[in-house]
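**Student:** Below is a structure I'd like to ask you about.
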Amino acid sequence: MTELAEQVSMPEGQQRRGGYVPPHIRNGGGRRGDSAPRGGFNNGGGRGGFFRNNGDRGGFGFGGRGGGFGGNRGGFGGNRGGFGGGMRGRWVDGKHVPGQRNERIELELFGAPEDPSFQSSGINFDNYDDIPVEASGEDVPEAITEFTSPPLDSLLLENIKLARFTKPTPVQKYSVPIVSKGRDLMACAQTGSGKTGGFLFPVLSESFLTGPAEKAANDGYSYQRKAFPTAVVMAPTRELATQIFDEAKKFCYRSWVKPCVVYGGAPIGNQMREMDHGCDLLVATPGRLNDLLERGKVSLSNVKYLVLDEADRMLDMGFEPQIRHIVEDCDMPPTGERQTLMFSATFPHDIQHLARDFLHDYIFLSVGRVGSTSENITQRILYVENRDKNSALLDLLAASNDNLTLIFVETKRMADQLTDFLIMQNFSATAIHGDRSQAERERALAAFRSGRANILVATAVAARGLDIPNVTHVINYDLPSDVDDYVHRIGRTGRAGNTGVATAFFNRDNNNIVKGLYEILEEANQEIPPFLEDCLREVSFSRSGSNRSTRGNRSSNTRDYRKHGGNGSFGQNSRNSSWGSARGGGFGGSTGGWGNDRAGGSAGGWGASNTKTSSWW
């Protein structure tokens, strides 16, 4: 093992990962796995292509245990029995009537206790008890300390228990009482801190307790073909949207709430047919939601809850006109008549000023800072010239013991080239970027999550929001130009209180990020290599624009601008309610893509409708 490899050792207690091979492909092939542009990966010396067509057996799709979403072997809604019938709850005479329990469905949704692909989000959350929290605004409700009824609905508590969530995260401790009191919320929390549960738990709990909004008068055929969701969740990428939908299915189990997901890159016809069966909670990317609104397939008149996840990225990267059209120009109830929740890792001043138009009498919640990840993520910065990166990468992978490794590059071309290189070196690798079709992206993510491909090469499309359990090593093969994007990337490991390693290849081409990188390492009490200090002195002396690598002072990115001279329209008074003192910092970003929202792609995938069967939700 070379000196470079010895610089990065995996955390103690991690075992070498065993490769599970699904039964239907154990005796496969003799040909080499698919090359990177087709989304495949090498399987230990050419045991066969993983993404081959297995016909009616369903393949290794997103149904997971025995088939795809519509395969004849089962999955979510397979021919051996869907999730329909008495397992759906109902709202009858002002009361919520839960559906019947079903062990098979619970295994599909929540997994077996020993199944690593259904990682409990309660693992190591004791590490988060000391994270500082600051809540500002008028009459901030008292935080909860455990999952109880009240304030949460009893059915939701049962589903939370099935998901093996043992205690709320800091953001959930505040978001639950805030939403239950009918308040709007702007939540700024570190990545991996349970933001998805932070809005799903209170929104679903209140929906279970209060039921759907009263629908408009039936106008005939068009009414039957239009969805009237009670809650709308918008996310910037299709990957994040499908991930939220995957979680929503768990917590909507046995309830009257039927979740749906819509996003670009998949056939819109399948998504519309799925909504025809009911849509109470709609998870959507802004582009596809606008399309459905223009087609008259969705009405927002019944929306009680609007959630903007990764809100800073959606607004900052160009989605503001689409979001404003959805919120202000369509039939959504106005501000004050709905609850609006905005969740992200940072809210810089300019984003907060844009967001104020969507919020009313809101509470600003800031949870943690960059330094709070110091116990979970070990950051290593290596000086590597561009010509030496491949060699250094092989050294790191040789020391990784087949653990899940996520490698970030800056360009789509490099993602494919590097994946092909790793396959030629007999590594099981696959790639995800914006030029891949939706089917290829979903297959790549499925392979990586399952461990069949233990290396995923990604561009910024996978940098935000994705929650992939058991990623133990993140490698920044190419450092981003914005320090906040670096923070989001390394946040793919060390999630849910678990430990991980983040390695970055640095050279003189990265001087634009050196100041922010130095500050992050210093705040997190990480080792700062001497070459980084030298580069910082050079950059500071030459004034070569290091300040452009961050959006002003990083500490302001998690602070409520109303408390620091902001001219917001919601009043100037604020009250603090905190565990310890908030320390600023946090996770965020202002650059990077959000994926390709073009038409085309594959039928099926996460949440896509299957024409043979109907799903329980």
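Indices start at 1 and increase along the chain as displayed.
Every residue gets a Cβ built from N, Cα and C, even glycine.
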**Student:** Region 'Disordered' per Swiss-Prot: which of the ranges 1-53, 478-530 is that?
**Tutor:** 1-53
**Student:** Mean pLDDT, the motif 'Q motif' (145-173)?
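**Tutor:** Here the predicted model's pLDDT, averaged over the motif 'Q motif' (145-173), is 91.
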**Student:** For the motif 'Q motif' (145-173), what does DSSP give as the number of helix, strand and coil residues?
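**Tutor:** Secondary-structure breakdown of the motif 'Q motif' (145-173): 13 helix, 0 strand, 16 coil.
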**Student:** Using a 10 Å radius around its CB, how many other CB atoms surround THR196 (ATP binding site)?
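**Tutor:** Within a 10 Å radius of the Cβ of THR196 (ATP binding site) lie 25 other Cβ atoms.
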**Student:** Run through the Cβ atoms and count how many others sit within 10 Å of the one on GLY194 (ATP binding site).
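**Tutor:** Looking across every protein chain shown, the total is 27.
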**Student:** What is the number of residues in the motif 'DEAD box' (309-312) that are helix, strand and coil, as DSSP sees it?
**Tutor:** 2 helix, 1 strand, 1 coil
**Student:** Can you see whether DSSP assigns GLY194 (ATP binding site) to helix, strand or coil?
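**Tutor:** Looking at the DSSP assignment, GLY194 (ATP binding site) belongs to neither helix nor strand, so coil.
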